[in-house]
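K.L.:
I have a structure I would like to understand better, so I am pasting it below and will then ask my questions one at a time.
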Amino acid sequence: MRKQRIQERSLIGMLITLGVVYGDIGTSPLYVMNALINDAGQLKNATPDYVIGSVSLIFWTLMLITTVKYVLIALRADNHHEGGIFALYALVRHRAKWLIFVALIGGAALLADGTLTPAVTVTSAVEGLKGLPKLGAFSQYPWLVPLTVTVILLVLFMIQGFGTAVVGRSFGPMMLLWFTVIGIFGLINISQAPVILKAFSPVYAVQVLFNPANKMGIFILGSVFLATTGAEALYSDMGHVGKANIDATWPFVYTTLILNYLGQGAWMLTHYQDAAWRNATNVNPFYAMVPAGGQIAMIILATAAAIIASQALITGSYTLVDEAVGLKFLPRMIIKHPSNVRSQIYIGAINWLLCLVTLGIVWLFQTSAHMEAAYGLAITLTMLMTTILLSQWIHMKGHRALALALLFGFGALETVFLTASLTKFIHGGYLTLGLTLVIFLIMVVWFFGNRRRLRYNQANEQISLLDYRNQLIQLSHDDHLPVFATNLVYLAKVDHQHRVKRSILYSILDKRPKRAKVYWFITINETNRPYDCSYSIDMLGTRNIVEVQLNLGFRKSQHINLYLRQIVTNLIADHSIDPQYSRYGITQPRQVGDFKFVVQNQQIMDLASNPTMGQFDRLLIGGRVLLQNITPSPAIWYGLAFSDVLEETIPLFTKPATDATLTNLTVHHARTPQRNSRQP
C-alpha cells in the first residue's frame, strides 16, 4: 500500500523521485564539460564553435535519448509497474528465443558499467578541493584525492547492510537543492555570454562534428554521451517511484541540467582566452564558474549529490541482480531486507564485490579525467539492447511502423554513440567490457546450463508423492531397517498436485533407504507482507507424511528448524501425528524427537556417463553445477547452520545411460539354485 501511494503523483512522491531516480544523470555536469575540454587538449582550444556545438550535442542527446526514448516511450513499457531491461525482457521473451541474448548482454553491461559510476562521480566531486588555495595539499599530493574517495566509498558500502531508510529521507530535499543551485549558477553565467543560447539549434551540433577545432571528430560523441548515461537507471528505477512522478519531475530536472551545461559553456566562452586559464589542461568549468566564496559549499553539495548517485547505483545493482535471480539468469543469493519496504534489499555478496571493483578502479585510474576516458562504453551496449527489446514491445502492441522507426532511428543513433565510444577501449574501457563479458558468461552458463541439464537430467522430473505413499508408509514401519531420523526433512517445492523432484524420493527410497518416523516436505513461500508467518498442512491421508506450505514475510527470519519444531508440537497436540517421546535428554518429558535436514548437491563426475551428450552441453552443465556449488548452501539460506544437516551428493542422472557397449560371452561355473534348498 505504501509503495502504491509513492507511485501515485504527489509532492512526497516527486521529492522521493528526485533522490532515487536522478542521482546518476543529475551529477553528470560534474565531469561532462571537463571531458570535452580534455578532448580539446587545453581550454584555449575550446573555441566558440567548439563550445556551442558541444553544448548543442548535449542538449539534443538529452532530448532524443533521455526525453523521447526513455521518458516518453520506455516508461510506458512497464511490467506490473516495474521497469528496466530485465522487466522489459520478461514482457517480450515469448516473441523470439534470441531475445534472451539481448537481455543478457544489456544486463551484464549495465552491471559492469555501474562499477565506474560511484568512482567517477565521487572523484569528480572531491577533485574540486584541488582548486581551493587553503587546501593546496590536494594539488601537491595527488594521492590524497583517491584516498579521500576511498574513505567516502568504503563508509558508503559499509552502511548498506544496516539499511539506508533514515539517510534516504534526506535524499530528495538534497537533490532538490542540488538541481536548484546548479540551475541558478548556470543561469548567472549564461547572462555573461548569451551567445551560448545558439546551442539550441541542431545546426551547431552537426557542424561541430566536422569543425577543425574538434580534434576528435565524431569520437567527441564518446564524451557527450556521458551526459545521458543515467537514462537507463531512470527507466530501471520506475518501480520504486512510479511513472507519474518521473513524468512530473523530469521537466524540472532537464531544465536545470541544460541551464548548467549552458552556464558552463558560457564560462568557457568568456575565459578560454584568459591568460590564467588558456594553457590549463585539467579545468573543470563546473567549479570554475562558481564564485570563490561559494566553492567550498558547492564542493560539499556536489559530494553529497555524488554519494546519493552512488547510493542509487548500489541499490539499483541489488535490484538488477534480484531480477536476474528471479529469471534464473544468476544463482540464488542471500538477500536481506533492512526495512519493511519489499523493494529495499541488501545482497552482501554483490555489495562487497561492487566495493572491491569500484575501489580498484579508483586506484587504477586515480583521476576523474582518466575515468571519464573509460566511462560509458558498456552502457551504450545496454541502451542499444533496450532499443531492440523496446521495438519488440511496441510491435507486440500492434504498432509495427512505430516499432521499425524506433529500431532503426534510435538503433542508428546509439550505434553511432557506440562507435564513438570505442576509443575508450584502450583508455580503460577494456575493463568494463571485460567485466561485461564475465557477467554475461556467468549468466549464459547458469541459464543455459540449467536448461540443458533439464533436457538430460531426469533427476528433476516431477513425480507425485501419492504414487509412493504406500512405500513411504511401509518404510517408516519396517523394523528390519534402523531409524535414520525421527523427522526426516526435505526442503522441497511441492506443487498443488503433490509433485516433487524425482531426486527427493530417489534419496529416500533408493541406495540405502532412509527410515524415519515422519517424512516432511516443506515448501517455503516468501510473501510481500514483511512479518507474515503462517503455514498450511496436508497429511496426504497418513500420519507420517506431511506436506508443509510455510509462508514467511520478506523480513521474517528463515530459521526453519524453529518453525518446524512449533509445527510438530501443534500436530502432536491435534493428534495428527504420534508423540515422539525420547528416552534420553536433559529436558524430560519431551514429545518432539530429533530432526535431520537433507540438502542435495549435484556433482559433475557423472557427466561422462551420458554418451549422447555433446561437448558443449557437457561444458554448460558442468559450469552450472560448479557455480551452484560455490554459492551459499540452502542450509545457510534457511538458518540451519547449527542443525543436523546431511549434505547429500546426488547424481545428475538417476536413469542409467543406455550405452550397450558390453556383450556377454559366457558364464562359467554357475550354480543353479535348488528348490527348498537351504545351502549357502
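Numbering starts at 1 and runs along the chain as it is shown here.
In case you wondered, yes, glycine gets a Cβ from its N, Cα and C as well.
The feature transmembrane segment is assigned by Swiss-Prot to 12-32, 55-75, 98-118, 143-163, 170-190, 216-236, 249-269, 288-308, 345-365, 374-394, 402-422, 428-448.
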K.L.:
I'm a bit unsure how to read this: which one of 98-118, 143-163, 288-308, 402-422 has the highest number of Cβ pairs shorter than 8 Å with the transmembrane segment (345-365)?
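P.N.:
Comparing 98-118, 143-163, 288-308, 402-422: 143-163 has the most Cβ pairs near the transmembrane segment (345-365).
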K.L.:
May I ask whether the transmembrane segment (428-448) has at least three C-beta pairs under 8 Å with the transmembrane segment (374-394), counting pairs 6 or more apart in sequence?
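P.N.:
Answer yes: the transmembrane segment (374-394) meets the transmembrane segment (428-448) with 3 or more Cβ pairs below 8 Å.
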K.L.:
By a Cβ-Cβ criterion of under 8 Å, what residues six or more beyond either terminus of the transmembrane segment (216-236) are in contact with it?
P.N.:
21-26, 28, 31-32, 35-36, 38-39, 54, 57-58, 61-62, 65-66, 69-71, 74-75, 83-85, 110, 113, 117, 208-210, 246, 257, 261, 309, 312-313, 316, 319-320, 372, 375-377, 379-380, 382-383, 386, 416-417, 419-424
K.L.:
Determine whether the transmembrane segment (170-190) and the transmembrane segment (12-32) share at least three Cβ pairs under 8 Å, counting only pairs 6 or more apart in sequence.
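P.N.:
Between the transmembrane segment (12-32) and the transmembrane segment (170-190), which are separate recorded stretches, there is contact, as judged by 3 or more close Cβ pairs.
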K.L.:
Same chain only, please: residues at least 6 beyond the ends of the transmembrane segment (12-32) with a C-beta under 8 Å from a C-beta of the stretch. Say none if there are none.
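P.N.:
Long-range Cβ neighbours of the transmembrane segment (12-32): 5-6, 58, 66, 117, 120-121, 124-125, 168, 170-176, 178-179, 182, 223-224, 226-231, 233-234, 237, 240-242, 244-246, 248-249, 253, 257, 260-261, 264, 284, 286, 302, 305-306, 308-313, 368, 372.
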K.L.:
With a Cβ cut-off under 8 Å, give me the same-chain residues at least six positions beyond the ends of the transmembrane segment (143-163) that come close to it.
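P.N.:
Apart from its flanks, the transmembrane segment (143-163) reaches 118-119, 122-123, 126-127, 129-130, 137, 303, 307, 310-311, 314, 336, 338-339, 344, 346, 348, 351-352, 354-355, 358-359, 362-363, 366-367.
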